[in-house]
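**Q** Before we start, here is the structure in question, set down as structure tokens.
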């Protein structure tokens, strides 16, 4: 009976730990094996083993602790950290006279993967919700805390 409680408690702790990781947003970014199909017009596509960066990284948008009228954002993305190149020969049976039957193609793959800042959004690219028409309805317009700036006058 004691063993049953210990095993049950261990399973519960593991489940809670995984749930906490998902809620907190633990960084999980790694190089994952994939198969890429290299193609070139007139050549036979060739599958080659490669790597891709896959995973998730912590990101957030929140009200600033010191300036409540401003927002703080952190946007992290799973990206490559360095790259490697490989030269692969493709067979081209439909090569025109004078062209080679084999063509060298250069391909790239990530060397390592890590959470790095996403490309920044320029201020001019952000359209206020009032202009975009998104703030006309929804939970933020009916809340006493979130009113359109035109309603405050």
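Just so you know, glycine gets a Cβ as well, placed from its N, Cα and C.
Below are the features listed in Swiss-Prot for this protein:
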- 29-78: disulfide bond (DISULFID)
- 43-92: disulfide bond (DISULFID)
- 53-113: disulfide bond (DISULFID)
- 57-115: disulfide bond (DISULFID)
- 75-118: disulfide bond (DISULFID)
- 29-119: domain 'CTCK' (DOMAIN)
- 1-22: signal peptide (SIGNAL)
**Q** Where DSSP helix means H, G or I and strand means E or B, what are the helix, strand and coil counts for the domain 'CTCK' (29-119)?
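**A** The domain 'CTCK' (29-119) comes out at 0 helix, 59 strand, 32 coil.
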**Q** Listed disulfide-bonded residues are 43, 75, 92, 118; which of them have CA atoms within 10 A of the CA of residue 53 (disulfide bond)?
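**A** Passing the 10 Å Cα cut: none.
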**Q** Ranking the disulfide-bonded residues 43, 75, 92 by other Cβ atoms within 10 Å, which is at the bottom?
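**A** Comparing Cβ neighbours within 10 Å for the disulfide-bonded residues 43, 75, 92, 75 has the fewest.
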**Q** Can you give me the same-chain residues 6 or more apart in sequence from residue 29 (disulfide bond) with a CB-CB distance under 8 Å?
**A** 53, 54, 55, 56, 57, 78, 79, 113, 114, 115
**Q** Compute the C-alpha separation of residue 92 (disulfide bond) from residue 75 (disulfide bond), stating it in Å without decimals.
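**A** For residue 92 (disulfide bond) versus residue 75 (disulfide bond), the Cα atoms are 44 Å apart.
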**Q** If you count Cβ atoms within 10 Å of the Cβ of residue 53 (disulfide bond), leaving out that atom itself, what do you get?
**A** 20
**Q** Round to a whole number and give the Cα-to-Cα distance in Å for the pair residue 75 (disulfide bond) and residue 43 (disulfide bond).
**A** 41
